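Colleague: What TrEMBL records for 250-311 is coiled coil. The annotation transmembrane segment is assigned in TrEMBL to 6-28, 40-60, 90-111, 123-148, 208-241, 333-356, 376-403, 423-448, 476-495.
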Amino acid sequence: MGDFNLALVIVAIVVCVLVFVFNVYLLINYQHPDDKNEAYFPKFVVVLGLTVAAVSILMLPADVANRQACRNAIYNGACKLTLPMKDLWLAVYIADAILVFFVIPFSMFYYEGDQDKSVGKRILSAMLWVGASAVVCGLVLGILYGVVGKVDFTVRHLSSATSAFPSTWTDFSSNQPCLGSSARQCSAYLAGVSSEKTWTMRTTFPEYVVALATIVGSVLFAIFGGVGIACLPLGLIFSFIRRPKAVITRSQYIKEATELGKKAKELKKAADALHQEERSGSKGRKWRKNVKAVEKELLLLEEDVKALEEMYPQGEKAETTWALTVIGYLAKLVLGVLGLIVSVAWVAHIIIYLLIDPPLSPFLNEVFIKLDSAWGLLGTVAFAFFCFYLLVAVIAGAMMLGLRLVFITIHPMKWGATLMNSFLFNVGLILLCSISVIQFCSTAFGYYAQATAAQEIFGHTLQSLRGIKYLYKYNVFQIAFVVLAGLTFIYYAAFGWKKRKPSGRFQLSS
């Protein structure tokens, strides 16, 4: 067991270092040229946030492996576990909540502040906004914790008399499992409803903060994750279906480029008008709506330019460029088909294991256990992959809804062209939803992840909190997830194969 413990600690340290290095690599390659050698604090927050999110996802497989260190013990306290997982869970998620509700908002306020102001004024302005948010959050958390920060466990009150150790066991039977008077109840299986009692206790404040953050994340996860679990693979497949079939002629290229140039001038004119309105102080609801509309039109214009460049490659290596384009779309098809298999497996598992009572089958739980028996880490790797896939689906769902709903701000992630505010927004979304992904996975894979610290926090405590337990008792988030996934699948089946048409023009406030 000592060798196992040492190996687990070494793997945990190496994985954390690799995650940090990989996040630095992502930041360097995704950042916008305008942010190079600038915005160092937001960059540090981005790397830290991505690392915390990735480590929190990987902690659930680590929790399972940590539990296996005592798999031969009769009870949990019979051996000393390798890692103090419950303390680590609470530490990671408190750090998660601080990043989401304080550090990331401060970074965004500072980064998006008026560049004409001095650094000190921008820091002061960001601190005032975050300070006001901290006071509001503190009051809300304190009031809620004081009023309803308790857990109600439903237990059975069992009792029995005492007796000398018998020489034979003839006095016991399935009809009389207790000692002494038959009025006493000692069998949980045979005990009546009258034996049920409610055991109330106050939860710890860190666990309550994690629980409330999980609720907020669960709402976003059910919406964005439900949409993303379908649109992520189907978007890749339909992108292959709508791919350019052949290189266009030069005259067609000139015609399309001219139209895109006209649209770019219109967007430039609209952006200048909005900037003028901002300086005049008329920043109302209609102005904000038009800003979002311009941002989305600009994103669609960039996609049109990229598509035109794909259909008419130029330069000395035009043929090579076209060949790489074809290979890229084939890769999208393969990844889309594989992603569709994973998405269908996820939805089927939710229905079979979570929504149907009693579950029809352990399904993916059994698959992970068999993979573990084939090779120690294979089931753990597959388990981590399914959890990470949900996070990617959340980002895909946010992108899809952001393009189609005006009231959702879009923050695209582009290779070599991602501004820090988009980075910070997506990192905040990932951090907020990562808590819900862990809770979701610990419930969905409860058979595989049984007797872990994560189940103790997210299973027993969270599902017994006053005012919150009914959301989990009636599977509200799981049902919303499956329904939105089904609606998105229908939407893509009906409209996904069609090419996007130009959107209508937006109206300026003036």
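Every residue, even glycine, has its Cβ placed from backbone N, Cα and C.
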Colleague: What residues elsewhere in the chain lie close to the transmembrane segment (6-28), defined as a C-beta under 8 angstroms and at least 6 residues from its ends?
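Modeller: Sequence-distant neighbours of the transmembrane segment (6-28): 43, 46-47, 50-51, 54-55, 58, 62, 65-66, 69, 82-83, 423.
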Colleague: Report, as numbers and ranges, which residues of the same chain sit near the transmembrane segment (90-111): CB under 8 Å and 6 or more residues beyond its ends.
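Modeller: The answer is 39, 41-42, 45, 48-49, 52-53, 55-56, 59, 122-123, 125-127, 129-130, 133-134, 137, 206-207, 209-210, 213, 420-421, 424-425, 427-428, 431-432, 434-435, 457.
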Colleague: Any residues 6+ beyond the ends of the transmembrane segment (333-356) with a Cβ under 8 Å from its own?
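Modeller: Result: 229-230, 232-237, 239-240, 362-365, 386, 389-390, 393, 443-444, 475, 478-479, 481-482, 485.
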Colleague: Thinking of Cβ pairs under 8 Å, which stretch from 208-241, 376-403, 423-448, 476-495 has the most of them with the transmembrane segment (123-148)?
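Modeller: Maximum Cβ contact count belongs to 208-241.
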Colleague: List, by number or range, the same-chain residues at least 6 past the transmembrane segment (376-403) whose CB is under 8 A from its CB atoms?
Modeller: 53, 57-58, 60-61, 64-65, 220-221, 223-229, 231-232, 235, 296, 299-300, 339, 342-343, 346, 364, 367-370, 409-413, 426, 429-430, 433-434, 437-438, 440-441, 445, 448, 488
Colleague: Counting Cβ pairs under 8 Å to the transmembrane segment (476-495), which of 40-60, 208-241, 423-448 comes out on top?
Modeller: 208-241
